[in-house]
Amino acid sequence: MANVVVIGAQWGDEGKGKITDLLSRSADVVVRYQGGVNAGHTIVVKDKVLKLHLIPSGILYPDTICLIGSGTVIDPKIMLSELDMLVENQIDISRLQLASTAHVTMPYHRLLDQAMEQRRGNNRIGTTGRGIGPTYSDKSERIGIRVIDILNEDKLRTRLADPLRQKNNILEKIYAISPLDFEEIIKEYIEYGNRLAPHVVDCTRVIHQAARARKNILFEGAQGTLLDLDHGTYPYVTSSHPVSGGACIGAGVGPTLIDRVIGVAKAYTTRVGEGPFPTELEGSLNDHLCSRGKEFGTTTGRRRRCGWFDGVIGRYAVDVNGLDCLAITKLDVLDELEEIKVCVAYELNNERIDYFTSNVEDFSKCKPIFETLPGWQSSTSDCRSLEELPEKAMMYLKFLAELMEVPIAIVSIGPNRDQTIIVEDPIHGPKRALLAA
């Protein structure tokens, strides 16, 4: 039995969906512990591309229970559309369970998110505009609406009255936006609640029962380490905790329940939205990575910013999350390059530093110090073992393992399930006995 957390080791979009999908084969329960529809993951199964935002990747396995935990925020309209899409693809959704204590994104959250971002002008954060930040803000202010509230009309009326009055006041007086109708919201969200009711459970209790029965539990994070509210490039961050510690809070478990933490990182780096990005590329190289890697957001469709692999933020992710091993994705995107650079340190104020600075003003001044490695200039997409990889591709992976000071357990060389090299079973294999330098 092993309980595993999967996290993003960069700024999100690392390919966690594919890795979680693969690991879900060994999991009895998969738990999404934070975030909302601001995160998306793409899974390719038998030439079908499934784009999910809220539903855990494990839903594709017929014997896996999928939980959406208390640390998430739910947009019921989008969640129901995803469930409908899964049903259309003959996927059983009866195994999906939703925490009664998860908070719900309301119409005013989306309006406020978009209005506040527009008002920031040149200081915008790069929010998806899906209402995630305002939903978490109401949760902290203890005026939020939870899933359990939309299951009962009388309760929803009581819970919604004061918050809607406040939000309409802000929308009208500050942003000149027409107020929202109380009765329309009640009608809409009670309908959502009626449809979601069969899936609503005491999520924490379900997890504890699974743990006592010695089931394999997989905790699935959204976004990435550098987007964490406390440990990321604040204020250019999300409103929740994608780091491994967030799994304990968002799922309601103690840290001793976690056996392993697996970090997912691309073989290069990407970022969506605003904020400093030391290894960011421009021109033809940026275009090449974006085109080859299909670097457009699942949620917003925005083009991702692309850059070389950053070992400094990588080591930071190892430390913050307590990573046991890595999954390196999109190695194949680098196949055609003559040479590949890796950031091993920064230059800040004419001094070399090898650590991530949480001061965003200083971080924005950091200049990458690179080491250059030879490219392999041959296809890796058909490789199914380390021995089949080009020698220079192996050199690159070993360099990353040494730089990050953790072993590599999985290498992904394409979007399909079978385009994966399992170096060692990251769940049941020997700890820290995988691909290292």
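Placed from the backbone N, Cα and C atoms, the Cβ positions cover glycine too.
In the three-state DSSP scheme, G12 (GTP binding site) falls into the coil class. Annotated GTP binding site per Swiss-Prot: G12, D13, E14, G15, K16, G17, K18, G40, H41, T42, R304, K330, L331, D332, in sequence order.
Among the features that Swiss-Prot reports, Mg(2+) binding site is placed at D13, G40, with the record citing sequence analysis.
Feature annotation from Swiss-Prot assigns IMP binding site to D13, E14, G15, K16, N38, A39, G40, H41, T128, R142, Q223, T238, R302.
The number of other Cβ atoms within 10 Å of the Cβ belonging to D13 (Mg(2+) binding site), over all protein chains shown, comes to 28. Swiss-Prot lists D13 with the feature active site, proton acceptor, giving sequence analysis as the kind of evidence.
H41 (GTP binding site) is surrounded by 25 other CB atoms, counting those within 10 A of its CB over all protein chains shown. The active site, proton donor annotation in Swiss-Prot covers H41.
DSSP assigns R303 (substrate binding site) to a strand. If you look up Swiss-Prot, you'll see T298, T299, T300, G301, R302, R303, R304 marked as substrate binding site.
The two recorded residues, E14 (GTP binding site) and Q223 (IMP binding site), show a Cα separation of 8 Å. Considering only the binding-site residues G12, G15, G40, Q223, L331, G301 (substrate binding site) has G40 as its nearest partner by CA-CA distance. Rounded to the nearest whole angstrom, the C-alpha distance between T128 (IMP binding site) and G40 (Mg(2+) binding site) is 11. When other Cβ atoms within 10 Å of the Cβ of Q223 (IMP binding site) are tallied across all protein chains shown, the result is 29. With L331 (GTP binding site) as the anchor, the candidate binding-site residues are D13, N38, G40, R302, R303, and the one with the nearest CA is D13.
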